[in-house]
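Written out below as structure tokens is the structure these notes cover.
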Amino acid sequence: METFQSAPRALRADTRIVSILAALIALVVFLIDALTPLDIAIAVLYVIVVLLVASTGNRTATIATAWGCVLLTIIGFLLSHDETVSSGAFARCAVSLLAIVTTGMLSLRNQAATTKMQEQLELLNLAHDAIVAHDMNERITFWNRGAEALYGYSAQQAIGQPIQRMTQAKSPVPHAQIRTELLCSGRWDGAITRMRHDGSEIVIASRAALLRDAKGMPRAVLATSNDITQRKRMEAELRRTEAFLLDAQRLSRTGSIAARLPAGAMWWSDEAYRIFDYSRDVAPSLDAILARTHPDDVAIVCGAHEAALSGARDIDVEHRLLLPDGSVKHVHYVAHRAATEREGDEYVGALMDVTETKLAQEALARSTAELAHVTRVTMLGELAASIAHEVTQPMAAIVTSGGAGLRWLNREKPEIAEAQQSITQMIRDAKRASEVIARIRAMARKRDSQPATLDVNEIVGETVELVRRELERHRVDVRTALAPSPLTVQCDRVQLQQVLINLIMNAAQAMAAVDGPRVLRIATGASHSDEGYAQITVQDSGTGIGEETARRLFEAFFTTKAEGMGMGLSICRSIIEAHGGRIWAEAPEEGGARLCFVLPENAGGDDEH
Ligand code: ADP
């Protein structure tokens, strides 16, 4: 196969040198022809001049040269044969002229064909793809500009080189197999890794075709290639990301579910299959999900599906699954509408297996309840003395009123009205005693949280009553500043009392260590910092809270007291946070400590349930 060079520059010899050479030859031929008496057709040598000029590819110069040579031949003939023209000399001149004209015409035709081929080669150069041809010995015979750009070798460097060796080609398929396939089917396509001139590796997608000659013998291979390094890298990156995602899903027990509504077409990730405990051959569907849903939670799943059908933007549900082995899983499904298309809405969401979190939460709630119970009971020990006093007082009053009543009745003329009054007093005192006992029993009882609509002013009043003896014993001056109108919150009564008792007892203990006046201020009102929240503040004039203590105040088991458990404030925080509020400590300028907490204000409710 002939060698094509892509650059026209390379095709042409140095035009100037050729032109000078042609002129010299023309001069020498003319001088010999005109001045020597040689009887040979020397003018035939003008064809060399024509061929040389034609090799520059310049059509006009070729025509001019041919005519010039014709003219020189005639002048030479006339100069050398002035009076006697032999028929042989005439014939030699005619042959020379015929040779010059024929050579000129053939050269022009050849030039036209070369120009056409050059144009076609230029077209190949315009292609973005790398186009390379090589012979059956794998020597490169054509190398377009795309190939120059792709591999970094110029056409001059590449042509004549063995392609496989120069580019150190590597392919997943053995080279011999590619060659066999090319020879058998005439075509091959696939990915090959080649090395560029600068040593970097590129992956190319290559399509090769076999060229055969007229006899059907393989002559050359033409291959077009383009760079797919970036695409391959991205594919690998994608594959890696997918593997990461799968790992992340497995580790976090989060599956993905995508659904198109209303048609109902669904897609589940591997982890979603694992959560539902289905094998991969089960087609994802709402029915399949419902078959795994706990019977008591089917309504939740159907509700979420209906919400999606009616176009809800976000879906967020928690429900249980009942698996074939009887085990129960807690799942949390969060989805959002990803796209709205002609065929309907597409929802994409995450299905999280939150069973372990749920169980841990339940265990935490149980242990918090148990700890709360322990601290309550411990505190009750401290309060026992003052409470006993609270109870003995109405008891003594009952005995006194009973005696008085009997005396009124034992009179000769029984004083019924007086006796009635004594009995009424007895009933009132007995009620007071039983109320105190009921409160202690409620405090000591271990029970679940029972939220109710409570007036914080009322709870503060009750609690202060409960610890009044203790405060009196510590000579604490209690000053309350209660909200003028009822301020209701949704809260468990006993738990709220417990928070207040904790704060009040801490305050009393902090003030026991100081000599100055012991003032306990309890205030209620709408919170200034948290809009829509009720705030309760318990401020003392005690030792105050040091920096280290302030940082760790609400940590479980943090205590500065010899007999302390360090659970009081930690439990207070759990209780307040469980009711949607927050608790914090402040250091008032006047000294002492100020413990504040807020709870969401109950706007609607008014009576206790
Ligand atoms: P305990 O009372 O068993 O130590 P708490 O959790 O109720 O546990 O309190 C933790 C610590 O916080 C106390 O040991 C004390 O150092 C500090 N503290 C709590 N309330 C006050 C207060 N009103 N004034 C000063 N320090 C306080």
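Just so it is clear, glycine is given a Cβ too, placed from its N, Cα and C backbone atoms.
Residues annotated as transmembrane segment in TrEMBL: 20-53 (among others).
Residues or ranges marked as transmembrane segment by TrEMBL: 60-79 (among others).
Residues 39-44, 46-47, 50-51, 54, 59, 62-63, 65-66, 69-70, 73-74, 77 of the same chain lie 6 or more positions beyond the ends of the transmembrane segment (85-108) yet place their CB under 8 Å from a CB of it. Annotation source TrEMBL lists transmembrane segment at 85-108 (among others).
Residues or ranges marked as domain 'PAS' by TrEMBL: 116-161. Helix first, then strand, then coil: DSSP counts for the domain 'PAS' (116-161) stand at 22 helix, 11 strand, 13 coil.
In terms of DSSP helix, strand and coil, the domain 'PAC' (188-240) has 12 helix, 30 strand, 11 coil. The feature domain 'PAC' is assigned by TrEMBL to 188-240 (among others).
The feature domain 'PAC' is assigned by TrEMBL to 315-366 (among others).
Per TrEMBL, domain 'Histidine kinase' is recorded for 386-603.
By the Cβ criterion (distance under 8 Å, sequence gap of 6 or more), the domain 'PAC' (188-240) is counted as touching the domain 'PAS' (116-161), at least 3 such pairs being found.
Long-range contacts of the transmembrane segment (20-53) within the same chain, counting only residues at least 6 positions beyond its ends with a Cβ under 8 Å from a Cβ of the stretch, are 61-62, 65-66, 68-69, 72-73, 75-77, 79-80, 88-89, 92-93, 95-97, 99-100, 103-104, 107.
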